[in-house]
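According to TrEMBL:
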DOMAIN    1-252  domain 'ABC transmembrane type-1'
DOMAIN    278-515  domain 'ABC transporter'
DOMAIN    564-846  domain 'ABC transmembrane type-1'
DOMAIN    880-1107  domain 'ABC transporter'
REGION    520-553  region 'Disordered'
TRANSMEM  12-31  transmembrane segment
TRANSMEM  67-87  transmembrane segment
TRANSMEM  93-120  transmembrane segment
TRANSMEM  563-584  transmembrane segment
TRANSMEM  596-617  transmembrane segment
TRANSMEM  679-697  transmembrane segment
TRANSMEM  703-721  transmembrane segment
Amino acid sequence: MDEVVIGGHSSVLLTSALIGGTVVAFGCTALRQWATAKAALAIQFHLRMELFAALPRIGGRWKSGDVLTRASSDFTAINSMIMLIPLVVGNAFYLLVASVFMIMMSWQLSLLMAVVVPLWTLRVHRSRRQLDAATTNVQQTTSGLVHIADQTIDRILLVKVFGRERREIAGFSTAAEDALRAQSDLIRLQARLTPALDVLTGVARVGVIAVGGLFALRGHLTIGTYLAFCTYLEQTSAPVRVFTTLLSTGRRTRTSTVRVFELLDTPAEVAEKSDAPLPPEGAAAVEFRSVCSGATLRDFTLGLHAGEMVAVVGARPELAAQLHGLLSRYRECDSGALRIGDCDVRDLALDPLRGAIGLVDTDPVLFSGSVRENIRLGRESVTEDKLHRAVSAAGVLSMVQDLPAGLDSEVGEHGRLLSGGQRQRVALARALVAPPPVLVLDDPVSAVDPIHEKWILSRLREEVRGSTTILVTNRRTAVLAADRIAVVAAGRVVDTGTHDELTARCAVYRHLVQDSAAAESDDDGTLYPIRASGPPASGERADRAESGPGPSEGLIRRLRGPLLIGLLLIALCTGLDLLLPLVVGRSIDAGIRADSLTAILFAALAGLAIVLARWAASVQQIRSTRSTGARAAKDLRIRTFTRLQRLGLDYFDRQSNGSILTLLTADVDAVVGFLQNGLAIAVVQVVSLVSVAVVLLVLDSELFAMTLVFVPVFAAATLVFRRVSDVAYETTRARLGIINAQLRESLAGVRVLQSCGGWSAAQARYRELCIDYRTAQQHAQNCAAAYFPMVVLCKNGTATAIMIAGAAAVHSGRISVGDLAAFLLYIYLLFSPLQQLSQTYDSYRQAAIGVRRLRQLDKIPVLPADTPDSIPTPPLRGEIILDKVSFRYPGTDRDALTEISLRVPAGRSLALVGMSGAGKSTLAKLIARLHDPTSGVIEIDGQDIKRFTVSTYRQRVGLVPQEPRLTSGTVKDAIRYGAPLAQDSQVEFAARTVGADTSINRLSEGYDHPVDGAESALTAADRRLIALARAELADPDILLLDEPADAVPNKSRATRRRRTTVLIVHELAAAARADQIVVLHQGRLAEFGRHVELLARNGHYAELWKNYTA
């Protein structure tokens, strides 16, 4: 400035230096962004893999919502901080270099910055604790919100069955309000801190105008030095804002890091010796020696020879899980010893031990993918011959013939596209395809039809010959497949022997196996179509009138006012920022060059007024825009959650829970983030861009024309970036949903993966998904690394060109030195909006993807749906009529049910029997109106069920599904879900009615025993009994029972009065007691009648009965 513009000397060296510096800055910026992204993504990848490796330690001890929140929002916060670190380092280096130059130019003016920095540091330090606490609170409430959503989606069938959508929406809304309050507290702190830091920097800039102008007036500074000092100080505002952002981001990242490592550092519940040997590779002897564990095992002593199958009868329902947990060392026994081969299990290597102990649960865990993938589970040792042998032995071969793609048919998340019997067969095939040395079977064919059960049991003994097998069951048909039978009473083995030996000498065994079979066939005329004759659950229908927040329609319309206020405040702040360069320019022309102290002081006072006005506007702007964003997040989450609650079960069958949660988290955050910051920034930067352009045009039209030369370069770069980055962002979001779904499934099925030898394959699969996700992210970041530095190149290149051309303009008298100085300062302000807009585009693209996904959700039809003429469901007598009912699941090419016609009189019982996958559960779901028939009519008491509102109808028709899910909270809360206002005495009465009280009272805290986290301690039988008690307390007019009959003690039946009941059973002794029996075969009604009548016909039912009683 001094030599070229004022002095009139041309300098090729200075010009070359400016051009070279511009090019170097471009290269360094691009390299920094590329390297930063690569490092951040590498760290995120490492954290994801560490989290997955920790699943065996945290499974059952952490809520799924807490794990998913850490894997999403906390990882994002850490990634954002890592991306910010090089920028912070660069800005810190810039401040250091700028400070050196400023000291060299004028140490007196530099003292102003020396005063500001300590004040800035003190203000930050005083706010640290409050920010930490507020940030932690925000993350905890957000985590709780995600957990509620995750639990509700996971138990969506339960919500639909009881018609409790409004209640779930109300609970989610309450949690969203809590999150909003926490966010508001944080916003108030940020609104006090951030503007205070800005105003300190602004005061320093005003001080430079006053003191620097005075020095220049007295000749202690040249105009060029004064301008350079003002320029350096002007450009320090950006680093200061970066440090302010770092303060906010850093607090959140610190909390996120603590939360992530709190999970990663979760210690194992058992210790492993450093030199632990491997377990035996083949079948090995197993010995329980005086084992005590909880309330289940008391001096439990049992020995199994290598390759022997022993059936354990008479045990509590949780025995199988207990034995597997002890053998695999997921927990230690209280006393006693367990040995496999010649080794105590405590001496064996932990991971190989868990892979050597297989488990087939009565309620098996399946994973998203095909039937083939669930059986192979990634094990390379599984050949096609082994696979074919296993699917044949487990009865899967006949099952897949009815599936659209055979073994390659998708099973859905948790196997929800298969029936209960089909899931059991797939799980058994998974164990048989590579039998482990020790295998624990927990009543593995309880949901399988008699024909397939007979086939499976006839093959089972031969297939597990290479394993030492423990079969826990009370089913007579199953125990006969064992080499030996152990009878358990009061937690200890009281006798062992063969079936004939125990029948002859053991009264306990006879009671368990033979007397129970006699009880099952005892026709007292009151099997299940009955109601408890006890105190009614007052308020049990109260939830029907319960109101909850509906969809938050008109989100933008309701937030239009606050958004507009926020935009105006940002515009005001931007306008005030635009005034300071003019003040600097006037201080040069009217003050320094005119030798006027008054003008300099006036400029300083004007600058101070601008700074203070901007501080006040900034406080209100932060409060307005961020509070509006927080309210928008709350409303949009509630709206999305409400929409999800209204969708039919077919949507949840098609979508993974992880992708649904992504809608409520990542997609909503992207939309709200753009509304909160991006939209306002974009609008204001456009206004700022136009304003600066007008000012530049007024200052000098020729120099402004030169500025426009760089616009086409910038526009072309923007178009290319947009086209390439769109694909990258879409790919990144899709792969993130897949990763979240995989993580969630693996967390739920970690023990299955370990016991079946699929853990290594699951880790490899997760690693591949994370690599794909990282590759997609890196591609997006590479685009950004090439594009964003282009803005810097255009800005510096324009400034260099204007400096050279402006020197000539000053010499010709077309423009003053002050105006040229202002022009150069405005050049930075011109490209700053362009840079901000380019960075906002990233936010815009993510928001656009989120909006598109949310709009797709809105377009999904709500089925079943109410009509304008729908009426509340009155009390029902319970007559059921189906007239030519057919049903086809969406996306399939064949009917699940075809022209079913039948009538169930009010107060009678109907048993649905047939092969697994025949359509029994589907028929029950149609009666419960979880789906509407594709064709045909279902009538209740002579009225089409479509005439009733969906929620009130479902509250009159109770369904106990085959795999009952329990709500969060205590056992008492789980039972009360069907009748929220029921008293404790009514809850306990319902439990006694179905015989659940004995199992509940055995729990450590009885009815107050927690379900969340401790749910793994509840066996499938426990959950089934609690689900029955829940249905009993709700007192529906029609009861649909999907395979829970064996859980209900026979002695409790006579205490109940009649209600219409539909039972889905494979225990044909239970079906024989029903008033009517329907036999379904391949989705059609094959036979209909009473037990005796159907036996006389010698058809499908007679064949099932023959296999059942063989």
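Each Cβ is built from the backbone N, Cα and C atoms, and glycine gets one as well.
Whatever TrEMBL says is automated annotation, not expert-curated.
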**Q.** Beyond the flanks of the transmembrane segment (596-617) by at least 6 residues, Cβ under 8 Å
**A.** 195-196, 198-199, 202-203, 205-207, 209-210, 213-214, 217, 569, 572-573, 576-577, 579-580, 583-584, 586-587, 590
Q: Among 1-252, 278-515, 880-1107, point out the range having the most Cβ pairs under 8 angstroms from the domain 'ABC transmembrane type-1' (564-846).
A: 1-252
(Q) Below 8 angstroms Cβ to Cβ, which residues of this chain, lying six or more residues outside the transmembrane segment (93-120), approach it? (A) 197, 200-201, 203-204, 207-208, 211-212, 215, 220-221, 225, 228-229, 232-233, 235-236, 239-240
Q. To what whole number does the mean pLDDT across the domain 'ABC transporter' (880-1107) round?
A. 86
